[in-house]
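Engineer: Before I ask anything, let me first share the structure, which is written out below as structure tokens.
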Amino acid sequence: MDPLVLGLAVAVVTVLVLFSGISVAVGLLTVAAGFLIVFDGMRSLELMPEIFFAKLNDFALLAIPMFILMGASIASTRAGADLYEALERWLTRVPGGLVISNLGACALFSAMSGSSPATCAAIGKMGIPEMRKRGYPDGVAAGSIAAGGTLGILIPPSVTMIVYGIATETSIGRLFLAGVLPGMLLVGLFMLWSLYSTWRSGDGSILSTRRYSWRERLEIMPRVLPFLLIILGVLYAMYGGVATPSETAAVGALLCLVVAIIIYRLMEPSRLWVVLRDSTKESVMILFIIAAAGVFSYMLSSLFITQSIAGWIGGLDVNRWVLMAAINVFLLIAGFFLPPVAVILMAAPILMPILTTAGFDPIWFAVVLTINMEIGLISPPVGLNLYVINGIAPDIPLKTILVGSLPYVACMVVAIILLCMFPDIATWLPDAVMGPEI
Amino acid sequence: MSGSVSTRIARTGDNRFLKFVAAVSTLAGWVSAAMILAAVLITCEMIFVRFVLNHSTIWQTETVIYLVISSTLIGLPYVQRLRGHVNVDLFPMSLKGRARLWLALLTLGVTIAVVAVMFWYGYEYWRFSWDRNWKSDTVWGARLWIPLFALPVGFGLLLLQLSADLVALILKIEKPYGLEES
Amino acid sequence: TELRLSHQWSTSDVRHKVAQMVADEVAAADVDLEIKIFPSGSLFKAREQYNPLTRGQLDMTVFPLSYAGGQQPAYNLTLMPGLVKNHDHAARMNTSPFMEAIEAIQAEDDVMTLVHGYLAGGFAGVDKCITAPEDVEGLQTRAAGKAFEQMLAGAGASIASMASSEIYNAMQTGVLQAANTSSSSFVSYRIFEQVSCYTPAGDYALWFMYQPLLMNKSTFEDLTPEQQEALTAAAAKAEAFYLEEAKKEDADSVKVFEENGVEIDQMTEAEFNAWRAIAKETSYKNFVEEVPDGQKLLDMALAVE
Ligand code: NA
Ligand code: NA
């Protein structure tokens, strides 16, 4: 059978299998097993556990559970609330201080957490009730946190950037840096929208903030300082020659756990277990998908589908920006249904050769890809962050959360367009810090 | 949607088999979490040895990799019990009553079959490494049967939890996909 | 018939060209045999190729044999410091009783060699030249292969294990001060931008790695005599090409490093012997202890003139 036709068959079958409600990881294993049996013979099943194990056999993957643990340990404390409170007290004259502070706290927290749901939960637990109490519309309160949480995978550290780095053999340190400025750009866009929409909703007085005395401003600092120090420490370890990004993750995880235990008195074994349980749950889920997606992409490669699709697209005589637009639409659709790591693992081997031939920078593309995945996180049907918010504030209807998130999706699309027009937003910082790409 | 954030847990009712499996899976979850913690500590030790003491690091990198792999595999049954494996339940949600039950039985059956395949060939792979005394090609030369043992153990325990889920579904202790009838 | 060949290198690498040459020659022979190449680890990861090969689920691979040293410890002799002195010596290795012994071990795993070939490599230092054992003392060093790690540790270096693709970043951030890898990796990963001194594989080279084109033996035996003949003929042609290219890579790497203003410092005979003395106490000794018949195999390798 022609590999392209076969590829189409795989796509259709995969969609059908995943829509049956089977878990994503097992679904990918099922499709892989099915096609391997039919086209490579029964014996290829023998290889599946071997490939599964081999996909996980990579030191860089270590960073995933570490960065998740890092986020989970802080998320279990009041740190999220402290962060936005500190920001609010210092941003006295800024209109809409509270929502601005919450978004700023999301960005800061993203610098400590590699995953998106953790970021969402950490800030949202206190931030959403507080915003609603002060009269912000439900849509803004929920939407801003859902969107702000997605920064967890754009602002370093980032689980998806690690997976991308492994899949495409690009420097993880460089990828991390590439996410910084686009992350700030996104926060800025989110803030602008939140202010505009609150103001438009009628009561502009919500936006005026309370004045805080210097005493109030200073007394909150000791509670956020440790985290700022952790961020600086992690950055120093990563770019100052102490350790690789994966190793740094372990230091960050240990430091955050220690800070949570000592400063936030997280000493009861039962509360500590909640932290470990939540991070184990998330990292096992992600790593299972990574390994299963690895078996799936083995099947694609073995049946020559990956190579044929790449060759086919590469042979199309289209404008490179038309190509980029098509790739974005594809990623968006995939992101609606699949968790980011699965999309990256399956798409990277197909897209990488095409992108490099068309002259796109893989580091820049990582950022575009990540923002696409962020959109998936706040859109149905698998919008992890929506469900986090739903868990935090069960009385806000899912529909309100969804509608509230939509404008933030628009902000992300704007960011992607800006990135296409000014690729330097992504590539300037890594080039400045680590020298030009090799 | 059974995302990583839901707080649902597989129900056991009064069924002793289900309670037993729940206990086993929880124990596996503890082991998995402990392995991640161990990986954190060993990595920090490695950085210290290399950066502060300027010594060679021989066993740490591999140990940490194997701990993370084992943590993933052994954590599978626990995460299944916590309903932490993400799925797309748009279509099941649109179904009602018996149709939804039959689809749930079908997907669970397929899951059990695939996991059984992984368990069986994982076991064979492990036996192979044991019989032939495979080692990693590093100075440390780890005996590979130790980390590979996580393949049959992890998938075996997952198989156990999945069969418990099947029993719970058939005995109507658990609802299909954990969805409330609306 | 279609055969699948997997390897870990890019399509511009000499090892890919060797595979491509065999595929092209066989196709030209018109014996109903097609070799499909999966480059850049697109089918199996570098170290995961040997098992599928032994089980006939992968037909061919271009593979550093020492990667499978954990499964067949004798293979560690194919990446042992100071065993091979230069490329012509390597070519004599390929036809020696030593290689016959290695091939007998491969046969136990249902594997055979189609194309023999060695690639060489050297050392590079961030702040200074690495030619003698005392040069690495106290330096964080990356070595290519277990036997080299043992020898370097014996010389007082601290060993940091990483893939050759990570050397550049590790040197840039200061995690690493010296590295040992193949000539082609030094060039393709642009290590010349990070180091001040390069010690290439010259008259006295320590680092030679055996990277043959392997095939599953049963798969080969199941081919028709015409197909086997075509494969063998293609392999012979590719082997000659491989040897020439291997020599050229060392020379090219020197040129690239020179052009980028990196100091070139050759290893002297005295320094070579000093390294080998350390290797005898470390890597050779460990090998003999670890492998049944190890001494016999080592002597066979050392006997090649
Ligand atoms: Na982050
Ligand atoms: Na989605």
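If you go along the chain as it appears here, the first residue is 1 and each next one adds 1.
Just so it is clear, glycine is given a Cβ too, placed from its N, Cα and C backbone atoms.
Straight from TrEMBL, here's the annotation block:
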type     : residues  : note
TRANSMEM : A:6-39    : transmembrane segment
DOMAIN   : A:13-424  : domain 'TRAP C4-dicarboxylate transport system permease DctM subunit'
TRANSMEM : A:59-79   : transmembrane segment
TRANSMEM : A:99-123  : transmembrane segment
TRANSMEM : A:175-199 : transmembrane segment
TRANSMEM : A:220-242 : transmembrane segment
TRANSMEM : A:248-266 : transmembrane segment
TRANSMEM : A:286-309 : transmembrane segment
TRANSMEM : A:321-351 : transmembrane segment
TRANSMEM : A:363-389 : transmembrane segment
TRANSMEM : A:401-422 : transmembrane segment
Engineer: Taking 3+ C-beta pairs under 8 angstroms (sequence gap of 6 or more) as contact, is the transmembrane segment (A:220-242) in contact with the transmembrane segment (A:6-39)?
Structural biologist: no
Engineer: Do any residues of this chain, six or more beyond the ends of the transmembrane segment (A:321-351), have a C-beta under 8 angstroms from a C-beta of it, and if so which?
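Structural biologist: Apart from its flanks, the transmembrane segment (A:321-351) reaches 15, 18, 24, 28, 153, 159-160, 163-164, 167-168, 286, 289-290, 292-294, 296-297, 300-301, 306, 309-310, 313, 358, 360, 365, 368-370, 372-373, 375-377, 379-382, 384, 416, 420.
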Engineer: Taking contact to mean 3 or more CB pairs closer than 8 A (sequence separation of 6 or more), are the transmembrane segment (A:175-199) and the transmembrane segment (A:401-422) in contact?
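Structural biologist: When sequence-distant Cβ pairs are counted, the transmembrane segment (A:401-422) touches the transmembrane segment (A:175-199), since at least 3 lie under 8 Å.
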Engineer: With pairs 6 or more apart in sequence, are the transmembrane segment (A:248-266) and the transmembrane segment (A:59-79) linked by at least 3 Cβ pairs under 8 Å?
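Structural biologist: Since 3 or more Cβ pairs under 8 Å link them, the transmembrane segment (A:248-266) and the transmembrane segment (A:59-79) do come into contact.
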